[in-house]
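What follows is one structure encoded as structure tokens, with my remarks underneath.
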Amino acid sequence: MHRLLAWDAACLPPPPAAFRPMEVANFYYEPDCLAYGAKAARAAPRAPAAEPAIGEHERAIDFSPYLEPLAPAAADFAAPAPAHHDFLSDLFADDYGAKPSKKPSDYGYVSLGRAGAKAAPPACFPPPPPAALKAEPGFEPADCKRADDAPAMAAGFPFALRAYLGYQATPSGSSGSLSTSSSSSPPGTPSPADAKAAPAACFAGPPAAPAKAKAKKAVDKLSDEYKMRRERNNIAVRKSRDKAKMRNLETQHKVLELTAENERLQKKVEQLSRELSTLRNLFKQLPEPLLASAGHC
């Protein structure tokens, strides 16, 4: 692995737009020239007095490779420099040499040692031209890529950039909508135990057949025993039917008797009510002194 040291503009020019976030830390990888004991070239001369002064620890930055047209840069980029190695390629070869990824990466990385080899000093990395970055792959359902990405995700690839979009489904039956602000968590990955489990509940076999009932004893319908049994059964059935008829007749007779008794009692109540009303009328017609004397007796 290469060592890290302070940034030097003479040996390692500023990175292109794809690597600009690294400018905040002001640290870059050491070039190959320092690994062999050679000293890096001194910084470029300071700016004229008319420009703003810079500190002792700062270096002037040459933006001429970025301001020139892209045609010379493309011509320089066509001739690779075999003397320098891409530090990203070495990094990936050291870290993942024993664990090759089954699926090739979909992203293109910028090489710092191949571009502009003719114009750079022999002991330093040349300034690379701005390279076009490959667009991110489109969104695909998680179920389609889950089987292909499972081995790569298990091996662990920290530098792989995966763009997950939150998928929000509506329960009303309408089509789902993609939302990046509402949901930020990636879709879940099924566990190996769930994937290997057999769906026994979904594909249940037919129920077990019940045990066969005990076979009935074969009876000869022409035998005397069978005839006697049938006669006994018929007699018992006739007796039960006769008893049911007798109970019905007794119930009907009792209902008739109770109905007649109810009518007789109703007539008696009416007669007593008439006698009571007659007596009340008689008592109302008697004089009060007679009633008072009758009360003392």
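Even glycines carry a Cβ here, placed using N, Cα and C.
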Annotated residue, phosphoserine, per Swiss-Prot; candidates Ser89, Ser105, Ser273: Ser105
Neighbour count (Cβ, 10 Å) for Ser277 (phosphoserine): 9
Cα distance (Å, whole number) from Ser277 (phosphoserine) to Lys284 (SUMO2 cross-link): 11
Neighbour tally for Lys284 (SUMO2 cross-link), based on other Cβ positions within 10 Å of its Cβ: 7
